[in-house]
Amino acid sequence: MSHKRVAILISGGGSNMVSLVESMTGDHPARPCLVLSNIASAGGLTKAAAAGIPTAVVDHKPFGKDRAAFEAELVKPILDAGADIVCLAGFMRVLTDGFVSQFQGRMLNIHPSLLPKYTGLNTHARALEAGDRQHGCTVHEVTAVLDDGPILGQARVDVAANDTPETLAAKVLVEEHKLYPAVLRRYAAGDRTPVILG
Ligand code: GAR
């Protein structure tokens, strides 16, 4: 069986990246081919290298507001790695239509809210402010609209009365680590039925 090749894009600690990488063994239909970051000091890069996965960095800062120029560089290692699927895993740059369309139908993102609620940033604080009883995370296919696109899976957590944005983020992250690998496994096998956890 030839495995699907997965490039994972990160900006930070990469805990979701690690859970994806750890899942891609045995009869899993995919394997990691690249971990790519826009931040040279991203902790996830060291973890990926330790796991024997090729890594690359494309710093966004020299490109200023020119997203297209940044993306023209960002795409190169992904194409060089022969990626079939791109997983955004805590990748904190907004991507343009042009970049997204190159990976239409084969790029996934994980977002820390129950979409369509709370696109963008500070999702945990916003769920708390709204008095939500439940919160969670979503994996979706990436389209040109931020945090939009067909939902491929969701996991829920109960919000406790004493939760803070930090405790809630930690609870949601535990679920992210279950949800993203479950969705990727299905997706790589060509099954887009949503995964519902919790
Ligand atoms: C995760 O909670 C992920 O859902 C979130 O960033 C965190 C990355 O953690 N992503 C976004 O907010 C995307 N807009 P990690 O680096 O440990 O995987």
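Each Cβ is built from the backbone N, Cα and C atoms, and glycine gets one as well.
If you check TrEMBL, you get these features:
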- 4-184: domain 'Formyl transferase N-terminal' (DOMAIN)
- Gly14, Ser15, Asn16: N(1)-(5-phospho-beta-D-ribosyl)glycinamide binding site (BINDING)
- Arg67, Asn109: (6R)-10-formyltetrahydrofolate binding site (BINDING)
- His111: active site, proton donor (ACT_SITE)
- Asp147: site 'Raises pKa of active site His' (SITE)
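Over the domain 'Formyl transferase N-terminal' (4-184) the predicted model carries a mean pLDDT of 98. For Arg67 ((6R)-10-formyltetrahydrofolate binding site), other Cβ atoms within 10 Å of its Cβ number 17.
Taking a Cβ cut-off of under 6 Å from any atom of ligand 1, the recorded positions Gly14, Ser15, Arg67, Asn109, Asp147 reduce to Gly14, Ser15.
Cβ atoms within 8 Å of the centroid of the Cβ atoms of Gly14, Ser15, Asn16 (the N(1)-(5-phospho-beta-D-ribosyl)glycinamide site) belong to the same-chain residues Ile10, Gly12, Gly13, Met17, Val18, Ser19, Leu20, Gly44, Ala89, Gly90, His177, site residues excluded. The two recorded residues Asn16 (N(1)-(5-phospho-beta-D-ribosyl)glycinamide binding site) and Asp147 (site 'Raises pKa of active site His') have their Cα atoms spaced 17 Å from each other. The two recorded residues the residue listed as 'active site, proton donor' and Asp147 (site 'Raises pKa of active site His') have their Cα atoms spaced 7 Å from each other. Within the same chain, residues at least 6 positions away in sequence whose Cβ sits under 8 Å from that of Gly14 (N(1)-(5-phospho-beta-D-ribosyl)glycinamide binding site) are Ile8, Val35, Ala42, Gly43, Gly44, Leu45, Lys47, Ala48, Ala89, Gly90.
In this structure the C-alpha atoms belonging to Ser15 (N(1)-(5-phospho-beta-D-ribosyl)glycinamide binding site) and Asn109 ((6R)-10-formyltetrahydrofolate binding site) are separated by 14 Å. Residue pair Arg67 ((6R)-10-formyltetrahydrofolate binding site) / Asp147 (site 'Raises pKa of active site His') shows a Cα separation of 18 Å. According to DSSP, Ser15 (N(1)-(5-phospho-beta-D-ribosyl)glycinamide binding site) sits within a helical segment. Annotation for the binding-site residues Ser15, Asn16: lowest Cβ count within 10 Å of the residue's own Cβ, Ser15.
Reduced to three states, the DSSP call for Asn109 ((6R)-10-formyltetrahydrofolate binding site) is strand.
Straight-line distance linking the Cα atoms of Asp147 (site 'Raises pKa of active site His') and Asn109 ((6R)-10-formyltetrahydrofolate binding site), rounded to a whole number, equals 8 Å.
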